[in-house]
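Copied over from Swiss-Prot, here are the features:
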{"type": "SIGNAL", "residues": "1-19", "note": "signal peptide"}
{"type": "REGION", "residues": "28-50", "note": "region 'Disordered'"}
{"type": "REGION", "residues": "88-146", "note": "region 'Disordered'"}
{"type": "COMPBIAS", "residues": "93-107", "note": "compositional bias 'Pro residues'"}
{"type": "REGION", "residues": "171-191", "note": "region 'Disordered'"}
{"type": "REGION", "residues": "241-261", "note": "region 'Disordered'"}
{"type": "CARBOHYD", "residues": "289", "note": "N-linked glycosylation site"}
{"type": "DOMAIN", "residues": "355-414", "note": "domain 'Sushi 1'"}
{"type": "CARBOHYD", "residues": "399", "note": "N-linked glycosylation site"}
{"type": "DOMAIN", "residues": "416-527", "note": "domain 'CUB 1'"}
{"type": "CARBOHYD", "residues": "436", "note": "N-linked glycosylation site"}
{"type": "DOMAIN", "residues": "530-591", "note": "domain 'Sushi 2'"}
{"type": "CARBOHYD", "residues": "541", "note": "N-linked glycosylation site"}
{"type": "DOMAIN", "residues": "593-704", "note": "domain 'CUB 2'"}
{"type": "DOMAIN", "residues": "708-767", "note": "domain 'Sushi 3'"}
{"type": "DOMAIN", "residues": "769-832", "note": "domain 'Sushi 4'"}
{"type": "DOMAIN", "residues": "836-897", "note": "domain 'Sushi 5'"}
{"type": "TRANSMEM", "residues": "926-946", "note": "transmembrane segment"}
{"type": "TOPO_DOM", "residues": "947-994", "note": "topological domain 'Cytoplasmic'"}
């Protein structure tokens, strides 16, 4: 077996050069120990004999030299070099001849680093894969291995990157990584998971398996142990947009567009440039030059966070532009067009810059001072007098992937009680001041002046609820000391303040369970024996003749802008050598309601600012400057109630023009007057609730040069302006017009307003690239090629049936060099088609026609009728049908006489067979001609029958006799006494003869 071992020695040395471990594990049950089955693949894992541990790194790269490099990083670098158990990290496939040096980075232990992702590129490594003992496999030589390999191995964690040492025939991967892959540092949960890197070649898929067999013999070759290492080569074919991907880790370098590709491609490029600098530094990219073709894109993103941060794209990347990534990683992606267009070009330069902490938040009722925002810088906090700092007083900016402060910003609070030793000057305030205090409080403050000095208390504000809340100030150091002020006993505050007989004051504040108010604010000053105390004026200043205020010192007071001096003398003096004291009380500065101001600059405040103003107030201020000047009003604070009104008048009384009238809160704004005077009126709602602290208004005013004109308007390209008058005073109108071929975009008419600003923004002239809509044509429809009518668009008109097109049926939009695009012709018209008329028809005999005309136009209708006793035979209405020539729809009708015999003769009923569409007049005539004779005949026969049957009492069947009837002579003796009849005379009755 020794000859076989000698033959395998070169192969073993080659494998060791690639980092393969040939320790023979114990084989059992078809699988070597230390191998885990994960998704069908063999993955190496730590064994009990070789526990998992961290790997330390060393580097031969020079220390990062930057102008703002912090020494904190140098300690981390030196610490990494001094460790003795460090190993080299396996290499990463890298593009040959990179634009910038590719060096490994040390792994510093940064503050709070475990919770922040750090950029790490995966690097490949090799590992031995134990298999089943095999003794019949022949020896394997490196020559049988394909030069294109896919190698999988465990990778120790860490952010370092190194250039690989490639074997003969191997090439670095140029396959761009997946877009969804974001390189991040492994956290504690990822320490045992291997990284996988690939060396991939584009070609046909081929699988090659090589076997390495080593044998050892003990004794007389009685026992043989064989270890076989199998390396599987997988060559995949990936059709990618283009072979370009680079990684950069130096402090600065250049990014150039790919120009000389190793292999041609028939699709566009999709290139990635990954940049990583030291944690604690950001990436700054400057555009040196860029020239892209239409359709190409360049995007820049910041990496290292939960999601990529878009920074810029090709529309933002202009020459000289600087883009900064807020993290220490950045990625640039370039996508180009396929041949034959060819890719565009660009040249970028990147460098690392030191990241900084955010500016710390200033505490309310306090301030902050910052030495530097870079790592190592500090921030110091302090509170206003009367407030105590809660939290760290000093913060330090720590270096990390994203620098941060070592603690949260503190806050300033008003404590409930406390002991103040060596009290010289300061304030004590109730908890929550200037807001309301809490219920059920019992606070005690002990003030102690330096030895040999006394204390003076000044009441800045005392506001207690009208119940059992109480403030007591005692002239001593305990609760048993005699009180010098008790809110239960004193209704008004002492304007002159309080003086202690010794060096102590004891202040007690107690509140009950109901009601709350703003509380108190007391200012204290310590002063020496034989001197007066230091005076104080709220919202004002003073100047003194001697800083220690001995007897004879004079002090002069003044108020801040917007405040007025009240209830005191402007000048006071320290008198009485035996018991030094001021001859007058200190004055007070208050924001008053109303006033006349003649200063060139000043402030107008709401009444009692910053305290709440009162209800139902009506205040008027007059501001006056020189006649040739004007006033600018800068309204910086406006927080009033919805029922309150603040009005500005452009003049010296309330009848002037109103500049503006406002209610409710409003942000910062300015007003300008056209006069040398302005009147300000404030009216508060008498029924509204009082607002809180700093609710009101703050108005700064300034005297400005007279300016009765609006700013001069510039000319616009491809157009001109026409003012209504030479001077641009209020009311002036300026009209803008464009040259032929251009149109106005925006408002063409601008007016100078009262505030001396223009009513609209400046317009522009834009090139006209389309024709106007030619409109619709009556009695037609149109077909358009483009709805916006650009140059070259067409419009076709088609007339409705019965109408004839007059003009061009197709209009085309043509461009003109000296004007706007114009249609090739005017819009056509659709006129009614002209047809020959029908000749007039004569009226039928015994009939009439309507209308009576000789010619009738196409579509006209003629109506016929007959005289009484005649019946119309034919159509009562006929129409002139359009045509070439036009003709009548039916022949003309005739009128026939109506007879009784014809009524019984069916042939005479032709008129009755006329269509129901005949006129109502003809039907009435026919009915009358038939039924009236019948009715007359019936009446005649009935009358005769009635006469003979009723009046004569005879049967209707008896006929009169032809001879006269005999009669007897009537004598005189008869009883007939009718004087009408006499003897021998004749009388007639009815139709009979007597």
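Including glycine, each Cβ sits where the backbone N, Cα and C put it.
Projection of Swiss-Prot feature records onto the structure.
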residue: 289; record: N-linked glycosylation site; DSSP (3 states): strand
residue: 399; record: N-linked glycosylation site; DSSP (3 states): coil
residue: 436; record: N-linked glycosylation site; DSSP (3 states): coil
residue: 541; record: N-linked glycosylation site; DSSP (3 states): strand
(request) Find the one among the glycosylation sites 289, 399, 541 whose C-alpha lies closest to that of residue 436 (N-linked glycosylation site). (result) 541
(request) Given the cut-off of 8 Å on Cβ pairs that are 6 or more apart in sequence, determine whether the domain 'CUB 2' (593-704) and the domain 'CUB 1' (416-527) share at least 3 such pairs. (result) yes
(request) Using a 10 Å cut-off, grab the number of neighbouring Cβ atoms around the Cβ of residue 289 (N-linked glycosylation site), all chains included. (result) 12
(request) List the same-chain residues at least 6 positions away in sequence whose Cβ sits under 8 Å from the Cβ of residue 541 (N-linked glycosylation site), in sequence order, or say none. (result) 557, 558, 560
(request) Run through the Cβ atoms and count how many others sit within 10 Å of the one on residue 436 (N-linked glycosylation site). (result) 19
(request) Can you grab the distance from residue 399 (N-linked glycosylation site) over to residue 289 (N-linked glycosylation site)? Cα atoms, rounded to a whole Å. (result) 34
(request) Report the DSSP secondary-structure composition of the domain 'Sushi 5' (836-897) as helix, strand and coil residue counts. (result) 0 helix, 29 strand, 33 coil
(message) Counting across all protein chains present, how many other Cβ atoms fall within 10 Å of the Cβ of residue 399 (N-linked glycosylation site)?
(response) 26
(request) Provide the three-state DSSP residue tally for the domain 'CUB 2' (593-704): helix first, then strand, then coil. (result) 0 helix, 57 strand, 55 coil
(request) With DSSP as the yardstick, break the domain 'Sushi 2' (530-591) down into helix, strand and coil residue counts. (result) 0 helix, 26 strand, 36 coil
(request) Find the average pLDDT over the domain 'CUB 2' (593-704) in the predicted model and report it. (result) 89
(request) Report the DSSP secondary-structure composition of the domain 'Sushi 1' (355-414) as helix, strand and coil residue counts. (result) 0 helix, 24 strand, 36 coil
